[in-house]
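Notes follow the structure.
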Amino acid sequence: MAALRVGTRAVEGRFQASNGGGGGGGGMAPSSRLVAAHREAKPRSSHSAAPWKLPRRRAGAMPLWRVAVFASVALNVATLALLLHHYATSPPPHHHHHDAGLATRSSDAAVHRRARTASSMAPSTGKPAVTTDSVINLDHGDPTMFEEFWRETGDAAEVVIPGWQTMSYFSDVTNVCWFLEPELDRQVRRLHRVVGNAAVDGYHVLVGTGSTQLFMAALYALAPDAAAAAAGEPISVVSTAPYYSSYPAVTDFLRSGLFRWAGDADAFKGDSYIELVCSPNNPDGAIREAVLDPKTGNGRTVHDLAYYWPQYTPITKRASHDIMLFTVSKSTGHAGTRIGWALVKDRAIARKMTKFVELNTIGVSKDSQMRAAKVLAAVSDGYERRPEQTKETMTTPLRLFDFGRRKMVERWSMLRAAAAASGIFSLPEETSGFCNFTKETAATNPAFAWLRCDREDVEDCAGFLRGHKILTRSGAQFGADARYVRVSMLDRDDAFDIFINRLSSLK
């Protein structure tokens, strides 16, 4: 059609030019360029050598340009009629096919958007994969062993947070810990009741960025106020050796005038102190009690129960100390969520600890709290039937503590066999007890191995193992002999298997 119109305009131009400058019929005068072109053109033959003249139109005949215009209009009308006829006689379109196409395209677009979002927000994978020649880093207690369990839970531990949620600083202004999410409070109490490892009735639940922040908050809350500290010595912070290596580092990091690290509790002779009791103990897994009697002096105690869970040790009693610290990193393996909690009896102490977190970080990430609450709920669901469930509707439960204990029993068996095969390493004796949670006798399987190198020419066990591409933490950092090292038992299977093979080959 467009080509036809272009051709018509060309024809019209030629016929208009033939009408002359003032002839009848309303024709337009030819352009000066067209006339000049005809004047300059060479004759095509001897018959056309005479000067070129505009032909005259016959009287009474219809101009040819009008014929061309009429033909063009007729052609357009005919074409339009054919199109209308085709549309009128065609069957109606199937709207459900059209809608399905739109839905498919919309669905595809949504998938692509999600893929782009997932790609742009892909999380880190943590430590790189290892090979038989890799350096195996077991210095940190990175609990990636639990990834295997959580991969099988589907959406049981997933949480979706809309963009408008968790925007306020505040969670519950009526609570002592005003930035604690109510759902995390509920799930913490629920899990402790399910496991039976700590009392929760009559306790304040406080949340922190890991239990380390709450440990610092406890020191702040238990220490004398600034005026009293200025008039005397900072209060001493002690723990029985071997003690957790971060205790002295964290205590003295800011060089506070309120408290200072004073070393082994067994060697302490002062009156004012804060004793840290880690049970099961990091690094050796021993069950600990306070060694200092607060009745004989001005002493307070903080119980670090990060490892008091059924996968590591029998649950022999329901702990009910004044201040108890826990963390999701060792209970469920979610170290990257950075959530810890404290159970605190005294309201005034709870307020001071909350004030420390407020001044330190203005609260704790609500997003992390919501994820931690969902994770803890998934753990409890594995052992506790929900009210809406019946025996018929219950699916096979995914039980974290069963998985954890099975893995730890297997790994400790492998480690003891490797130490025996090498002949130069020794481990603490295995202990056991009746577990109120599993209702059976269970052995202790600590999250860390307290490994000693018995070879006479090795005085630095960490250095010796480093030479064989095994990174551990020296016993010297725990207030103990450098012949000892702490070894994480919580890494992925591939790294742990390589470690076992290397250890068994050392002589």
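Residue numbers in this text run from 1 along the chain shown.
Keep in mind that glycine also has a Cβ here, set from the backbone N, Cα and C atoms.
Record features, source Swiss-Prot:
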REGION    91-135  region 'Disordered'
BINDING   TYR169, SER211, THR212, ASN282, ASP304, LEU305, ALA306, TYR307, THR327, VAL328, SER329, LYS330, ARG338  pyridoxal 5'-phosphate binding site
MOD_RES   LYS330  N6-(pyridoxal phosphate)lysine
Q. Under 8 Å Cβ-Cβ from ARG338 (pyridoxal 5'-phosphate binding site), six or more apart in the same chain: what's there?
A. THR209, GLY210, SER365, SER368
Q.
I need the CA-to-CA distance for ALA306 (pyridoxal 5'-phosphate binding site) versus LYS330 (N6-(pyridoxal phosphate)lysine), whole Å please.
A. 6
(Q) Are there any residues at least 6 positions away along the chain from the residue listed as 'N6-(pyridoxal phosphate)lysine' with a Cβ closer than 8 Å to its Cβ? List them or say none. (A) GLY141, PRO143, ALA306, TYR307, TRP309, TYR312, ALA447
(Q) DSSP secondary structure for THR212 (pyridoxal 5'-phosphate binding site), reduced to helix/strand/coil, please. (A) helix
Q) Which of these binding-site residues has the least crowded Cβ, counting other Cβ atoms within 10 Å: THR212, THR327, SER329? A) THR212
Q: Tally every other Cβ atom lying within 10 Å of the Cβ atom of ALA306 (pyridoxal 5'-phosphate binding site).
A: 26
